[in-house]
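For 2-40, the entry in Swiss-Prot reads domain 'Beta/gamma crystallin 'Greek key' 1', with the evidence type sequence analysis. If you look up Swiss-Prot, you'll see 41-83 marked as domain 'Beta/gamma crystallin 'Greek key' 2', on the strength of sequence analysis. Residues annotated as domain 'Beta/gamma crystallin 'Greek key' 3' in Swiss-Prot: 89-129. Taken from Swiss-Prot, the feature domain 'Beta/gamma crystallin 'Greek key' 4' covers 130-172, and the record attributes it to sequence analysis. Residues or ranges marked as region 'Connecting peptide' in Swiss-Prot: 84-88.
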Amino acid sequence: MGKITFYEDRAFQGRSYECTTDCPNLQPYFSRCNSIRVESGCWMIYERPNCQGHQYFLRRGEYPNYQQWMGLSDSIRSCHLIPPHSGTYRMKIYERDELRGQMSELTDDCLSVQDRFHLTEIHSLNVLEGSWILYEMPNYRGRQYLLRPGEYRRFLDWGAPNAKVGSLRRVMDLY
């Protein structure tokens, strides 16, 4: 079970709303979100309803302003509680679409895809175990995408506008 609290103002001030499960539309509960406190669980928050738009990964901790979660604005309109995973993590990445071309396998976090695999683009991937966060830049920066187990035959399947991938991180409550 997870628990996340959204606050309209910075530093956990103003009107607040608490969630313990997925919420496809947060608009009725607050008009803007400038701080968040995650008491338990791992969450994806989204700038638009129905888990659309820019997405941001949050784990247990305090985020006193939206820059702390690498947000671009104070617009948060939906959230998703990522189910906990208590096993191994495994993903295959491919340099071409349709799971073709050079393949590399990951079982742990990757701070820089370019340094580790000599790739700046990943065109398809197969998440075999666990959920992962894909970041468009190295060092877990830039746009973020939640990857659940399954095949992603092209970058559009995970919602990206291009195949640029900088880093990958396992979804875990604590690092």
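Every residue, even glycine, has its Cβ placed from backbone N, Cα and C.
It should be emphasised that the depicted structure is a prediction, and the values quoted were computed from it without experimental measurement.
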Seminar exercise, completed: Beyond a gap of at least 6 residues from its ends, the CB atoms lying under 8 Å from the region 'Connecting peptide' (84-88) belong to 41-42, 107, 129-131, 171-173
Exercise. Per DSSP, what is the residue tally for the region 'Connecting peptide' (84-88) in helix, strand and coil?
Worked result: 0 helix, 0 strand, 5 coil
For this session: Summarise the domain 'Beta/gamma crystallin 'Greek key' 4' (130-172) by DSSP state, stating how many residues are helix, strand and coil.
Result: 4 helix, 21 strand, 18 coil
Problem set entry | Per-state residue totals over the domain 'Beta/gamma crystallin 'Greek key' 2' (41-83) - DSSP helix, strand, coil | 4 helix, 22 strand, 17 coil
Problem set entry | Integer average pLDDT (0 to 100) for the domain 'Beta/gamma crystallin 'Greek key' 4' (130-172) | 97
